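This report refers to the structure that appears directly beneath it.
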Amino acid sequence: MTMEMHATTIFAVQHQGQSAMCGDGQVTLGNSVVMKHKAKKVRTLYNGKVLAGFAGSVADAFTLFEKFETKLQSFNGNLTRASVELAQEWRSDKVLRKLEAMLIVMNKEHMYLVSGTGEVIEPDDGILAIGSGGNYALSAGRALVRYADNMSAADIARSALEVAGEICVFTNDQITLEVLE
């Protein structure tokens, strides 16, 4: 299954004891019409202890947020276990398998990319990005972590997404930023 992620960028970073995630607000119908400018694609879950962001179909993402939050509750906030269980259910369920979205989930200790093909990937460097502007944000974020160590995780996240928005036509500058201290 090939996933084409359009109309969004989600970026997450763990840096100097902080965890930050941000997403842009653009929702695009097809490749030509911007339907919404201020969508909120990053959320806090589990009493503010977990951040989650999605790229892909909005309806599919709401389904996945709900399923993921249920898994978090079932496993008492264990992010790793909830992520693995969601990926397994997503991959094996005939209806869920058709959902076209990807998630980044994180707490203070871990972050994962979770997909419908069963992947649960924890990055080596504490940085993840998904969506149409993901590669641009990832590149900018890695450079900032390496060479601007005076920046906070929140500043890195916002700056990386701003760079992506300058390059990717499916990413705008209406940024939602959430931070775990």
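A Cβ is built for glycine as well, from the same backbone N, Cα and C atoms used for every other residue.
The model shown is predicted, which means the values in this text are computed figures rather than measured ones.
Annotation source Swiss-Prot lists active site at THR8, citing sequence analysis. The Na(+) binding site feature in Swiss-Prot is assigned to GLY165, CYS168, THR171.
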Residues close to Na(+) site centre defined by GLY165, CYS168, THR171, Cβ within 8 Å: THR9, ASP24, GLN26, SER132, GLY133, TYR136, ALA137, LEU161, ALA164, GLU166, ILE167, VAL169, PHE170, ASN172
DSSP-derived class (H/G/I helix, E/B strand, else coil) of GLY165 (Na(+) binding site): helix
Separation of alpha carbons, the residue listed as 'active site' and THR171 (Na(+) binding site) (Å): 5
All-chain count of other Cβ atoms within 10 Å of the residue listed as 'active site': 30
Local backbone state of THR171 (Na(+) binding site), from DSSP in three classes: coil
